[in-house]
Amino acid sequence: MSVPLLKIGVVLSTMAMITNWMSQTLPSLVGLNTTKLSAASGGTLDRSTGVLPTNPEESWQVYSSAQDSEGRCICTVVAPQQTMCSRDARTKQLRQLLEKVQNMSQSIEVLDRRTQRDLQYVEKMENQMKGLESKFKQVEESHKQHLARQFKAIKAKMDELRPLIPVLEEYKADAKLVLQFKEEVQNLTSVLNELQEEIGAYDYDELQSRVSNLEERLRACMQKLACGKLTGISDPVTVKTSGSRFGSWMTDPLAPEGDNRVWYMDGYHNNRFVREYKSMVDFMNTDNFTSHRLPHPWSGTGQVVYNGSIYFNKFQSHIIIRFDLKTETILKTRSLDYAGYNNMYHYAWGGHSDIDLMVDENGLWAVYATNQNAGNIVISKLDPISLQILQTWNTSYPKRSAGEAFIICGTLYVTNGYSGGTKVHYAYQTNASTYEYIDIPFQNKYSHISMLDYNPKDRALYAWNNGHQILYNVTLFHVIRSDEL
């Protein structure tokens, strides 16, 4: 028996995945349910780049490709041919079909009994009608011999019964149709029973195991869809206007479900007070907040909140501090050796932005520059608990020439400036230790960006733009292929 390829499509928005998040989650997140955002112009994808497995008979295949201009990704699973799983699935479908037919047969039996009972009643009425018809004809033939009153009474009775004639014909047709149903159901049941005997009964525990395995593969595919290559940045959503020209704001990408707190840090130096808002709505509409006092002032705008702790660069030093926001205690401090500080290797806008801490789908990062790398950007992957450097990459991009930077899926994206017309024009892939020049424009609405960070949970860019707190949607492009068994 030939078994066609089984294709299961799982369509995920790369924004919630990506684009749907912007049209649904992001507006409700910031309380702008009536606000619609335009799709990223730089992310038009209208062709499939997925490659079908060359030999689908050998193993399960999982692959994905972006399909349309909305950034949606299709994750497809191709099952091997001539597998027990396919036959088992057919057997299960056959059993389900047989159960449906048996249920239908029971319903037809009930209908048949009711129809036959009604038919018997109508047939009696038919005999009465025929008798009245005969009498009526006799009365018409000899109407002169009968009184007019008797004639009218019989004619009135006949008029009452005449509408039952078409009803009788319908009951006869219905009864005939029910009999046809019974015959067809009996034939179909017989065919299905024979087909089931021919296919045989298989181990449904094994089928369940195969289905579970498939579900795990699809889940793994969904997880991989969290990462991709940046292809577009949407127009901005202004969440709030507050604070000075410089600052940072963020949410915790590892916060548990229901924890929607917003963290707010005004200024870039000589400040140690962090505001905590209960939710994005509170942040937008009120000045109700809890204040946390850090043990040291921070430097720059490169702070991040990650898994309940705030990570920041201690002012006028290359020391990184991990501060627990619940217990308000320092959990760890560590020097970022050779990193420039105190406006030695800042971003183009200045502001003691020498050390920029970031998070993405892969964890915690530090972006800075060193004398050893001639003032060019250095990327270090950090252990979020110990703050030890796990791996470092030296790039050839001068940090003082960068407007701002952020990391998505292990790729560092650098803007060409912080004021006026701005675009992302440099990308360094840590997974391949390679770089490329790109051209992804985004709107610099208030002409001075002093903070730009990616949140992997929201899959959005958080920005501080000249005293305005901004959100951007991003569009990511994915190509996924798995040949594992």
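Placement of Cβ uses the backbone N, Cα and C atoms for every residue, glycine included.
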Of the listed cysteines Cys73, Cys409, which one does TrEMBL record as disulfide-linked to Cys227?
Cys409
Counting across all protein chains shown, how many other Cβ atoms sit within 10 Å of the Cβ of Cys409 (disulfide bond)?
20
Give me the long-range Cβ neighbours of Cys227 (disulfide bond): same chain, 6+ apart, Cβ under 8 Å, in sequence order.
Glu361, Ile408, Cys409, Gly410, Leu476, His478
